[in-house]
Amino acid sequence: MDSVLRYVFLLLAMTSFYMMYISLFNNGFFNLLSHQLATRALPGESDIALLSEYTGLKAFDGILESIVIFFWPISQGHHVGLSLTGLSFSGGMVGIWMIVVVHICRIRSFTRGMVITLIVGIAQQAVGPGIVIPCYFALTSRARPPNKNLHLTGTYSTSNHGLVVSMIMSYIFPLVIMSLPAPAMISPHSKQQVIAAWQGWPVYFVIIMTTHHLFINRGHRKEASARRQVLSVYHFGFACSCLCHMAWLSAFVASKIQSLSQSSNFWYLCPYGVAFPLLNQPAQRLGALEAGLFTFLQWDYCVAAAATMVWSTDRYIQECHRAELEIDKFRLILRLLGWILIDGPSATAVRLIWESEGPSYLQNPN
């Protein structure tokens, strides 16, 4: 079964790579990105100049310029569907990242766990979680911690507060600032700098985790049971993923109400491609560059979420078998479909993981 899963994860990674890079390259998306970079202006903002210096390193600044152009339409809010897709992506990644970090801390010592966390985080920022997350699960598909040892080597040392605080400070807080509209609430100059600085969030995450481990948490490592700490981390990831998915789902329903009733109350939603990922193309009012970003984000998030769901479902089934519990596959499929619709794919993966952790749940799955 592990070998089959490994091939599934690798297939997902290759699919993501093809759709995010090869297909978009053939469709001219990266040429559009290069052309926009050559204009030295931000997308949709002909009067706002693109910053040319962020770190003082010319090669690195060139990469950051492309990244700022990439993230500007998503964070600025001109295109509602694109921004909502970015919101769903960002919130969903919190749940996925919590699952990955907890798994890393569970099977490694704190130092090695932080090194691996840093490598995985930088890799996913460089090429996208849609490629890196399936590859990570493919490489670690055999590394399952024993059910009897529920505490995490890394998380036990840093507590749930270390993981949650690190995620809030390194990822969520800069993301909120980055999403403020310019120039209404933040200057375009500052917004570009925040977008560039946010790209290093995996580094900030590891630094905050290490600081918490070394200086803050030494005096109260046993303040909560290990299992409760793990569940707190999962609940945090679930809440972030679910809330962002519900925001997107509400906008989707509103846009469909508008299209059916021809009401003018939701006119601002319908033209911007608020659609189920992968099924619909962005609407006609999206520019070519924004349409490419829409497609890139959809494949990046959906493949990462699908890989995490496959891994979580396999983990859940393995734990049920270990507890000698029978699984009603038809009922499980129906529950998964309902959770995916209401909670979102990332939150569904987190829900499966936390339910597989509790012996009390395994003894009474109803």
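Every residue gets a Cβ built from N, Cα and C, even glycine.
The feature transmembrane segment is assigned by Swiss-Prot to 9-29, 84-104, 113-133, 162-182, 195-215, 233-253, 291-311, 333-353.
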The transmembrane segment (113-133) and the transmembrane segment (291-311) contact flag, 3+ Cβ pairs under 8 angstroms: yes
The transmembrane segment (195-215) in contact with the transmembrane segment (233-253), cutoff 8 A, at least 3 CB pairs, sep 6+: no
Dominant neighbour of the transmembrane segment (291-311) in 84-104, 162-182, 233-253, 333-353, by Cβ pairs under 8 Å: 84-104
Residue numbers, six or more beyond the limits of the transmembrane segment (84-104), whose CB comes under 8 Å of its CB atoms: 74-75, 113, 116-117, 120-121, 129, 133, 136, 140, 143, 152, 154-155, 163, 167, 171-172, 175, 230, 233-234, 236-238, 240-245, 247-248, 251, 274, 277, 294, 297-298, 300-301, 304-305, 308, 311-312, 344-347, 349-350, 353
